[in-house]
Every structure is written in structure tokens, then in C-alpha cells.
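Peer 1: There's a structure below that I have some questions on.
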């Protein structure tokens, strides 16, 4: 039995990046031998085991043979006769097909180290085309390492284009596509993911709504990142956040990343109309917390951008967004809308403060005070709306 460190841990160590997790491949072993040494089997489709102490993953060396459509149609051979080189051959990119033994020696049969030095993402073999998810994985790796100058090899891009044109991308599950998308959106240069997919002709099946206005979507996504970076720079200089509008406050870190993800995804989709945003979010099965913000931004963007809103317009905005009961969501909507407003050259700080002041004024209206005047039945709602309109109008006086 021989054990090798493989994949991302080797790659990132060679790039002097922080290694987050370690995966190992085991050559010359059987499942029974692994279990007898205290490992716990967790893999359903192929033998993967958790180390009894570290809980790190150890997978038996395996080969894969295409047997059907999509990313699940494979026959796996994980017998003890499978060699390390055979296991590495099935991997997607050469930079992910480097192994390291327990003495620190590299086993690199497919030139991954040289490709790392040349900042090149290149497929290991023609078997790359058997798994359509790899189009999205390569786009994600290109996104992650773009700041280091990595590019995709021409022959790999050609293969990705042929895979997209074959229709195989449509066989993927929404969950897998969204997972790759979500992870890419939290990288330093998230726009690269969509640029690569466009180059690979891979937007049509999952992101068709973006195709007609991709340049604007990417520009707005870049704006979101620029606002975050400016906030971080201000934070680093001052050591604390100043009293600044929501859009310039430092975002959550990518470890939790929920707020950052919402802001960036909203920036990407803000150019769409409401129905287009709904279609895209439903197709990808985006979680409600995120899709609600995106759809509201697309539905009410004209109200949010209009600096001449009447009290009736603002009340319609608050009612439509249920800002009364969902105040935290509305606050997050304003934060997420900032990149699009900046893209449109709007003084968002001033506009946001105006909207927030109007909402605060309307929230001061107490329905019990209205009822106390003797108003009854349907007239209560009418009187409540009128009182809110009067309160909103008063902030400009």
C-alpha cells in the first residue's frame, strides 16, 4: 500500500497559496484493508475513506470509463492493480494531476509543474471531454488564478467549446452548476468565470439571459468588487469603519460570504428584467435568500434609480418590497443595488439616504393612532397609507 498527497493541496503548495484541505490517493489497497486499519468508508460511487484521526479523505486509485451522458455516467475501476499514473490520467487539468509521496518527491507524469510555472490550465487527456462539469470547473480555476496571470490552453478551450456545442452541458444538475458559479463569485476576479464561459460558448444552457448584455453585466460585477476593495482599503488605513453608507462598508469574508455573494450576484443580474431574473434563478435553483434580493432589484430598479420619486412612488417601493416586515432584507437590497447604481453614475449615497429617511418617516406612523381617531374598516388602510404619504412628503420640507 502506497499513499500520495494529490490534487489541490499539491497545486496550491507549489503556488505558495494556503492549503485548505488535503486529499490522498492510495495505491495497491483494497476496501477491506482500509477498513481494517480503522478508516471509515464514505464514498457511494467509488471507495473514499476518512482517516480515523485526521478525518482527511483517502481515495483508492481508480480509473473511469464513460458509459452514459452527463457527469454521472461513468464506470469506475478501483481495484488494487490501478497505478498512480492511471489515477492521475483521469483528472481534469495537469495542474491537478501532480502527486507527492511521503518524502516530498513529486510524481508529475503529465507536466503539471511546468504548466504551473507557465501559468497554464491544460487538460490531461482527451477524456476531459467525457465530463461536462469540467467546463465549469475550468472556468472556476481560471477565475481563482486569474490574478496570477493564468490562462487556458488553446487546445483546452477548443475542447470546452466542442463540449458546449454538443449539448452535454444541459445534462448537468442545477445544483452542480450553481455550486461552481457560487464558488467563482466569491473569488477575487469573479467576472472571469462568465468571460470564460462565453469564450467556451457555454452560457446558453444555464445563463442565456446574460448573453445579450454580457459586457454590462461584467462591468457591474467588476464595480461590485471595486467597491469592496475600496472599503477594505479604507478599513486597513483607519483600523475601523467610519460612518459611511452601506455600500462602502466592508463585506463579509468569503468564508461565510453570504452578503458578498448576494451583492455580486445582484450586480451580475441587475440589468435583467424581473421575469428574466426569475427564470435564471429558478433554472439554477438559487436559494430564496439570494433570489429574492436579485428579483426585487430587477423589479424595482427604476424606483431605486429615480431621484425624483414622488411619495407615492416611494410608498409603492416599500409596499412592493414588504419593507415594513422585512426591514433587514430591504436594507440588504439597498446594499446589493449599490454596484448597479454606481454603474449608472448615480450618487447612490445621497439616493440611499433619501430612501432610508423616507422609510424611517413612514415607519413612525402608528396604526393605533389612526384607529383612535374613530376610523373603522377599510378606511383604516386608506388612512394609514395617507398618513405614510404625508410622512414621506414631510422629509423634503
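Yeah, the Cβs are placed from backbone N, Cα and C, and that goes for glycine too.
Feature annotation from Swiss-Prot assigns ATP binding site to 8, 11, 91, 137, 140; the stated evidence is sequence analysis. What Swiss-Prot lists as CTP binding site is 8, 11, 91, 137, 140. For 21, 23, the entry in Swiss-Prot reads Mg(2+) binding site, with the evidence type sequence analysis. What Swiss-Prot records for 213-324 is domain 'HD', and it gives sequence analysis as the kind of evidence.
Tell me what's around each of these sites.
Peer 2: The Cβ neighbour count for residue 8 (ATP binding site), using a 10 Å radius over every protein chain in view, is 17.
Neighbour list (residue 11 (ATP binding site), Cβ cut-off 8 Å, at least 6 residues apart, same chain): 95, 96, 98, 112, 116.
Close to residue 21 (Mg(2+) binding site) in the fold, though at least 6 residues off in sequence, lie 8, 9, 56, each with a CB less than 8 Å from its CB. In the three-state DSSP scheme, residue 21 (Mg(2+) binding site) falls into the coil class.
Secondary structure counts, DSSP: the domain 'HD' (213-324) has 79 helix, 0 strand, 33 coil.
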Peer 1: Write down the Cα-Cα distance for residue 91 (ATP binding site) and residue 23 (Mg(2+) binding site), rounded and given in Å.
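Peer 2: Rounded to a whole number, the Cα-Cα distance is 14 Å.
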Peer 1: Out of 91, 137, 140, which of these binding-site residues shows the lowest number of other CB atoms within 10 Å of its CB?
Peer 2: 137
